[in-house]
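**Student:** The following block contains the structure, expressed as structure tokens.
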Amino acid sequence: MAPSFITIDANDMDVDFSTTKPVQAKRTLLLAPPSIATQEDKLRDLFSTFDRSTTDLQMLDRLSAGVVSLPATTYDLVLILTDTDGTRRSEALQLLTRNVYTTLVPAMKAGAKLQTQDSALNASDAMEAVLAGLVQSDNGFEKPNFEPSAAVPLKFGLKKKNKPTPTAVPSIPTGFAAPMGIDSPVTNHDRDEDDELINEDTLLSEEDLTRPIMPPPECQPKTGRRRRACKDCTCGLADKLEAEDKERRANADKELNVMKLDTGDLNELDFTVEGKTGSCGSCALGDAFRCDGCPYMGLPAFKPGQEVQILNDVAQL
């Protein structure tokens, strides 16, 4: 006897054959200051409040020293144990350094919260949390959920393989001249050759030519400083300053030439030439008024015109 086949109609059965995904429990990380490790009653109360299977306890001093590491993207809530009355707040926040945030933030899931037991963090303590990438929320800080960026392809218009057939151009009957238009065989450069060049100076009136050149504001001299022209000056200030410098140098050279004296103009003291006197005119006053090379150096003062004789290197007044 041949076996009979049995068919099952799934539409008549209220059975769900889809596989259900296990719901992952939310994990909590407790960050405690070192002083709480010596109080067993505090630790017993903590684990009576939080489920031990989904809660981890780490010491802040060990995190700050880099002794322990945290698993990445694991915790939904990070709670800093500062006591409800804030007894251990200063101790905990003092250990909540940048090194702790560097280890803590990667271990938080997207949307995870960072909170304290007593109250929210103040502005100075919250600065490190903001720098670590956390966003301030109602009861603390939250790790933002940044979705990964996706590349969007850009579609450009491609050339069509099958080009459309060009439409036939109607032929011009013989005897008619083609109008001078866009399709005229005359090129643009032929038209440019017929244009006359205009002298730009003719566009300026007499008033424009006599109008003084106003330098731009950036060329105006600052208080107590000399005007300086720009590197690519076009307002004429560079030429004007150069002309002033040339005139100043010419005047200085002219004055220098006036001050030059020839050998015959030197009015130095010379005993071989009659009528010559000392250029300082103070030879008779004393050593305090005489020049460095005065031959009367060391002699007492005498009256101008008084005869002085030197015998055996001794002055005779």
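Just so you know, glycine gets a Cβ as well, placed from its N, Cα and C.
The model shown is predicted, which means the values in this text are computed figures rather than measured ones.
Swiss-Prot lists 22-152 with the feature region 'N-terminal SAM-like domain'. Marked as region 'Linker' by Swiss-Prot: 153-209. Swiss-Prot lists 219-235 with the feature region 'Fe-S binding site A', giving sequence analysis as the kind of evidence. Residues or ranges marked as region 'Fe-S binding site B' by Swiss-Prot: 280-294. The annotation [4Fe-4S] cluster binding site is assigned in Swiss-Prot to Cys280, Cys283, Cys291, Cys294. Here Swiss-Prot flags 280-283 as motif 'Cx2C motif 1'. What Swiss-Prot records for 291-294 is motif 'Cx2C motif 2'.
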**Student:** Return the count of C-beta atoms lying within 10 angstroms of the C-beta of Cys291 ([4Fe-4S] cluster binding site), excluding that atom itself.
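**Tutor:** For Cys291 ([4Fe-4S] cluster binding site), the count of other Cβ atoms within 10 Å is 15.
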**Student:** When you measure from the Cβ of Cys283 ([4Fe-4S] cluster binding site), how many other Cβ atoms are you left with inside 10 Å?
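**Tutor:** Here the count is 22.
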